[in-house]
């Protein structure tokens, strides 16, 4: 029986392959190669965080009731017994105190949401600074930008659902306040969303549908499209030995990459679980139910939305009065800035292409120092984001450090105007300095720290050439290849090769011998390549690699 089953399975597989020919395509996909640089794991963190969000969110939907119907609390949390609240807030308390594991799942859901948004931001920064958005990957940049925007609104809708005082304050200030400030259509949009005046009875159920069904479905579709494009277009890689625009150097999808990805998912889940068990987040029972007449001190949104709150706090009270009775409040301009930021973010690949005229295909990444203008623009954007985010807690800073809140507001206004241009200038100059440092090493070699006195009394430092030398012993300048340039002698292996084996024991003699032979073969190959290059550029070479 044990031999019959495999034979029947093999026969069935043969019949399928003879009709539809999936074997060849499947073999190519299994042999897919992925690079191994650590920064490529940032996107995986976002993916795994989203998976954890889906799992924990399904569990929470079993117990949460998105209703604004008024009830009197009579649950396990004694300080709130007898308090009138919404059914949404009551079920949130029940999940936290009465559902087995409910508080843990609530917190892992919230931490995973923060991790999801943060990893998307950092992943986009890596893509931006390394130029991974260039042709042919503009579509993936657009997808990533849309994922970030959707993650921000998905998180905002999610922490608005409990109907506690903090989330209700954010809902009033952000969604209601900005919506109703939009000229001409703002009032109708507000009534459409809220079903009347704020807060109404419909907003929580509508946010619940968007949070649980609509936005997650769109995010899931965008993630699938993103992964499909990465798979089809091949992964980018950093310049290095053997890496070209036409190949990918790394590990195959099976078994190495699959095992590493599974382990990394387990690590991501473990970190989020540890944070959820040890670090409290969003204790809604300490805040109380939402009351439109109350605002809690020190209110801030989650970190990915703090920059919008910070802009609202430092924006001047500029109101526009039209036709005598029509007013455009100052908060409207925050929505305009958000729209401009999102538009520039999505369109940036084409904006850069417009100025650089670069329409070539790129599979090799760039070092940030090699594109100082783009790097400086990124630093300028990060400075703008950081200042706006810090201004979201200007009231807490003013209170803790006994500073005037008015002074903090003006510090934010001046800082957000002067900080980004200053960051641009400093970053641009810093990148030029790093380029100059790389060129000096390629031309003169690495500083050895050895100082020699010449016969006429001059002191010079000895440099270790990275490549061949001429008849006078002077280094022949090497071309910059876009890869990191060694700056210290230990990068050249002057300290010797590390011992083979683990912390506790050495490798078996056979493995150590084979590894040494492989290193020797690679060294011989590198010398041959260097000799060929030297012969082609500078003429023939002798046994020591010197040109003639």
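Sequential numbering from 1, following the chain as shown.
Any Cβ shown, glycine's included, is placed from N, Cα and C.
Checking TrEMBL for transmembrane segment across the ranges 405-426, 427-448, 449-470, 471-492 points to 405-426.
Looking at 11-37, 38-64, the stretch flagged in TrEMBL as transmembrane segment turns out to be 38-64.
As stated in TrEMBL, the feature transmembrane segment covers range 173-195 out of the listed 81-103, 173-195. Contact between the transmembrane segment (253-275) and the transmembrane segment (108-129) holds: at least three of their C-beta pairs are under 8 Å, each pair 6 or more apart in sequence. The stretch in closest packing with the transmembrane segment (141-161), judged by the count of Cβ pairs under 8 Å and taken from 108-129, 207-233, 371-393, 405-426, is 207-233. In terms of DSSP helix, strand and coil, the domain 'Fork-head' (419-516) has 38 helix, 18 strand, 42 coil.
Non-local neighbours of the transmembrane segment (371-393) in the same chain are 125, 128-129, 131, 298, 300-301, 303, 306-311, 313-314, 352, 408-409, 412, 415-416, 419-428, 431-432, 435; each lies 6+ residues outside the stretch with a CB under 8 Å from one of its CB atoms. Within the same chain, residues 39, 42-43, 45-46, 49-50, 52-53, 56-57, 60, 141, 144-145, 147-148, 151-152, 154-155, 158-159, 268, 272-273, 275-276, 279, 281-282, 302-304, 348, 368, 374-375, 378, 382 sit at least 6 positions outside the transmembrane segment (108-129) and bring their C-beta atoms closer than 8 Å to a C-beta of that stretch.
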